[in-house]
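In what follows, a single structure is set out as structure tokens and then discussed.
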């Protein structure tokens, strides 16, 4: 494993995903400055989501075809530059244009970066992918803090702060990616990987498994603070702390899942992660004890991201001739479906309460567990 390059790619993931995390925190300031309606604000988020996720498979396909390492620094620069411009944009149309550019940059970064993680990781593929994922998790968490502090101090022109991290990391990435030639990234290795046939059936089942987890993840991310205040009768501060615990538990689960998958097998960890959710989610929804709910929420957060590294690696190995496309699907489209489904759960919550909305997702672990048993197992370290 090339630890130096893996650290650099993870740092790049952090710098890139800071922009994704910062955008929601910026919306209240844009609403106040430009007198935007909530629908218009939602349109900004929609534009970013579509541009950053839906086109990721296309960017991944281009990465597979042309193998352009420069997409990593270029994607970061577009992601940070687009968001930096939103504070200077004179009107709504230019704001939307800026976030689309930011989203396209993020879409360009992820598949190519994930492809490079696969090339640099040696035989600890799930561990490396988990470390890469944690970089993104941390960036998503730090983004709102940096954006809010900058805009409060400098006004909307403070959005320009978002260009600083990506410029620094992009410059280092551009120089290091050119200089780093390792056995893991040799043409012979890539050719050996490409000699395997693509298994689109297994990849489709894996994608559906990720979609199911995505729906659960976004539902909890959206409704946990409300559940804490309306159902468990806790304070808003307690609800925010519960959400933080959920995120931190996910980071630990991500790291643990990668290490366990490299030791016990990718499919095994996916099955374990899905199966343990079957009793965990209903127990969380049914309990009225805040302490028990806290433990179950942390467990759910860890289990949801326990399979992050293994599933991304499995996707790459199921279709080894389309590693970038696979990364674009698993990191982009599949994992973002939950964000699209969440408004439907919101309507259910409006009509019947937050508890009912969360109850609706408790059946999903059953389906993804059944799917996980149908996944094609991979031989550990079979492809280096």
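Every residue, even glycine, has its Cβ placed from backbone N, Cα and C.
Between the listed ranges 2-20, 21-39, 40-58, TrEMBL ties the annotation transmembrane segment to 40-58. Checking the ranges 185-207, 323-345 against TrEMBL, the transmembrane segment annotation falls on 323-345. Across the domain 'Major facilitator superfamily (MFS) profile' (5-377), the model assigns an average pLDDT of 87. Contact counts against the transmembrane segment (215-231), taken as Cβ pairs under 8 Å, peak for 351-373 among the stretches 160-177, 237-257, 264-284, 290-311, 351-373.
Sequence-distant contacts of the transmembrane segment (160-177) (same chain, six or more residues past either end, CB-CB distance under 8 Å): 4-5, 8-9, 11-12, 14-16, 18-19, 22, 69-70, 72-74, 76-77, 79-81, 83-84, 87-88, 116, 146-147, 150, 154. Scored on C-beta pairs under 8 angstroms, the neighbour of the transmembrane segment (323-345) with the top count among 40-58, 131-154, 290-311 is 40-58.
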